[in-house]
Amino acid sequence: MSSRKKVMLKVIILGDSGVGKTSLMNQYVNKKFSGSYKATIGADFLTKEVLVDDRLVTMQIWDTAGQERFQSLGVAFYRGADCCVLVYDVNNSKSFEALDSWRDEFLIQASPRDPESFPFVVIGNKIDMEESKRMISSKRAMTFCQSKGNIPYFETSAKEAVNVEQAFEVIARSALAQEEAEEYGGDYTDPINIHDTTERDGCAC
């Protein structure tokens with residue numbers, strides 16, 4: 001195993017109240033689903049150890065309240081995030097239309113060093129509902145994601161555990177890449193040439 005230090009990845013889940021943020025988190029971490037979650041007050045988090053490319057990392061997944069009156073709690077929760085997950089309900093057009101403001105809210109509150117490259121993942125949840133109730137097509141959601149810099153997009157059912165594992169695999173990978181970029185980026189903006197052309201003593205083992 002690698003002797004590199006253990007990595008803690010902070011992931012924030014945002015979206016309107018009732019879109020299934022808590023359900024997604026619980027399905028991924030605990031493999032459980034409940035149809036009777038109460039609205040999250042403030043924020044709550046769960047942790048899960050996962051392997052990303054043979055590297056063991058701990059994901060700290062924050063589930064934040066979707067109610068507007070709790071959005072002011074943001075700064076403390078958003079700071080230090082390595083990835084932001086934007087969740088909407090495919091059967092609720094209002095929750096989809098709110099994604100833009102959730103994304104903007106996150107970028108303002110979290111103040112990532114490089115907002116343009118900060119990793120987001122979009123999840124359209126509740127695909128287990130009747131097709132006739134669906135209000136947001138996959139095409140419309142994908143068009144939105146492409147317009148925001150090709151954000152990865154997943155359609156999930158937290159209830160039936162559809163695509164949840166796959167979505168969080170990409171979330172973990174994106175978060176780790178962001179964490180490493182922050183760790184090694186420092187305050188340098190110019191690329192560093194890692195190929196040293198000078199001769200070195202010793203064997204090339």
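Glycine residues also receive a Cβ, built from the backbone N, Cα and C atoms like all the rest.
Around G20 (GTP binding site), the C-beta neighbours below 8 angstroms that are at least 6 residues distant in the chain are V87, D89, N125, K126, A158. G20 (GTP binding site) falls within neither a helix nor a strand when secondary structure is assigned with DSSP, and so counts as coil. The GTP binding site feature in Swiss-Prot is assigned to 17-23, 33-40, G66, 125-128, 157-159.
Annotated S-geranylgeranyl cysteine per Swiss-Prot: C203 (among others), in sequence order.
Here Swiss-Prot flags C205 (among others) as S-geranylgeranyl cysteine.
Under the heading cysteine methyl ester, Swiss-Prot lists C205, citing similarity to another entry as support.
The motif 'Effector region' feature in Swiss-Prot is assigned to 37-45.
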Other CB atoms, at most 10 A from the CB of A158 (GTP binding site): 27
Lowest local Cβ density (other Cβ within 10 Å) among binding-site residues: S17, S23: S17
